[in-house]
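A short write-up of the structure that comes next.
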Amino acid sequence: MPTTRTGPHPLAVGAVVLLVAMIAAALWNSDESGTGARQVGESAGAVAAPVAALPPPLPGASCAPTVTNPGGDNNYREDAPFDVPLGRGLVVTGLVRDTACRPLPGVPVQVWLQTALGSERENRTTVLTGPDGRYRVSTDPAVAQFGEPNVHVAHDPDDSPWRSVWQRHVLRADDTLAVVDLTLAPVS
Amino acid sequence: MRVLVAVAALGGALLVALALAAPHLAQASPVVVVSTLAACVAVAALAVQPWLTRRRVGAHVRVGGIVAALVAVHVVALVVESPDDALYSMSPDGPTRARMALFATVLLVVVTLLGLLRRRLPWSAATWRFVHGSLAGLVVVLGVGHAVIIQGALDGWGEAVLVVLGGLGAVGVVVRLVRVLRRPATPPGDTTAHDRGQVRTEDEARG
């Protein structure tokens with residue numbers, strides 16, 4: 001019985017090593033919470049600045065329009081109930097402006113998220129921004145959905161003069177405030 | 001071996017109990033519960049899987065089939081629960097944890113196919129074992145890893161049990177790979193070069 005040892009083919013070893021390196025690179029280059037998703041809860045430093053503290057935009061100022069991020073329209077439905085509270089414990093708010101950085105009052109914004117009592121597919125409401133351009137939704141705290149608590153904010157009415165935009169961002173389950181600002185670009 | 005199986009079974013039972021007790025599943029749909037429990041059992045099965053290649057190849061093949069079926073249930077249930085979120089998770093824009101799960105799933109398919117096609121591949125036993133084993137090791141690390149970093153039914157103690165089970169599986173892969181690759185090779189021309197589907201271990205050869 002010969003006792004020669006033959007190891008795995010060098011090509012096989014090289015291919016596996018290359019595969020491991022590619023997987024490591026793909027994981028290293030991925031966004032922890034998904035492309036473009038950021039922490040919007042107060043635990044990550046999010047603060048809704050008091051309106052009085054906001055200086056009026058300078059003439060000629062320009063704000064970059066908010067870009068829909070991947071997954072932003074997950075579970076979106078147009079027919080959200082109007083201005084219904086989704087519970088208490090978390091406030092989702094944000095400032096809606098145009099690209100000249102002027103607050104936009106009376107703009108519909110839909111918010112949807114998973115809470116202990118409502119799945120992300122059912123738990124939604126549409127509210128209008130106030131005179132200061134802010135929307136505000138009171139809800140139960142977010143719970144992990146597909147691995148992490150997340151909140152969606154969108155603007156997408158049929159007859160809006162502003163382009164539709166969808167956002168998906170993440171927060172922590174114990175956050176009591178989440179801030180998602182929108183800058184809307186005109187349709188034409 | 002029996003101790004390992006007992007530890008994995010206990011670990012699997014703990015995962016199921018912890019997941020069911022967690023508030024995360026309290027209001028969840030039955031589909032999500034099924035998906036989570038299938039994954040819990042799959043982790044326990046993966047923990048023993050490499051150790052079964054020693055003298056229990058028949059069990060290794062059956063458990064491999066069970067793992068593949070459980071992971072299929074896990075993934076399909078998530079797609080049924082929320083197609084948007086499931087497809088987003090599998091897309092290149094998904095979170096890191098989802099990308100780990102995606103790689104683990106694809107590699108599990110490859111590892112299972114390698115198992116099924118073992119006799120048809122014109123590879124040496126050493127090459128086949130290295131590729132099947134090392135990719136299976138990646139499945140364990142990435143699959144259990146995504147379960148550890150995910151927030152949901154298995155946080156806290158659940159994560160500890162996951163790490164123990166994943167560690168058991170990963171160590172098993174390394175130990176078994178080193179063991180079988182160090183063994184003297186079958187002489188060239190031997191008709192049993194590919195073991196005819198049976199892994200004849202040195203333990204058997206010895207006695």
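For all residues, glycine too, the Cβ spot is worked out from N, Cα and C.
Per TrEMBL, the feature compositional bias 'Basic and acidic residues' maps to B:192-207.
Among the features that TrEMBL reports, region 'Disordered' is placed at B:186-207.
Residues or ranges marked as signal peptide by TrEMBL: B:1-21.
Per TrEMBL, transmembrane segment is recorded for B:31-52 (among others).
Annotation source TrEMBL lists transmembrane segment at B:59-80 (among others).
What TrEMBL lists as transmembrane segment is B:100-118 (among others).
Taken from TrEMBL, the feature transmembrane segment covers B:130-154 (among others).
If you look at the transmembrane segment (B:160-178), the same-chain residues 6 or more away from its ends with a CB under 8 A from one of its CBs are 4, 7-8, 11-12, 14-15, 18, 43-44, 46-51, 53-54, 129-130, 133-134, 136-137, 140-141, 144-145, 147-148, 154. The feature transmembrane segment is assigned by TrEMBL to B:160-178 (among others).
For the transmembrane segment (B:59-80), the residues of the chain that approach it from at least six positions outside its boundaries are 31-32, 34-36, 38-39, 41-42, 45-46, 48-49, 52-53, 86-87, 89, 105, 108-109, 111-112, 115, 143, judged by C-beta separation under 8 angstroms. If you look at the transmembrane segment (B:130-154), the same-chain residues 6 or more away from its ends with a CB under 8 A from one of its CBs are 15, 18-19, 22, 24-25, 36, 39-40, 42-43, 46, 49-50, 71, 96-98, 100-101, 103-105, 107-108, 110-111, 114-115, 118, 123, 161-163, 165-166, 169-170, 173-174, 176-177, 180-181.
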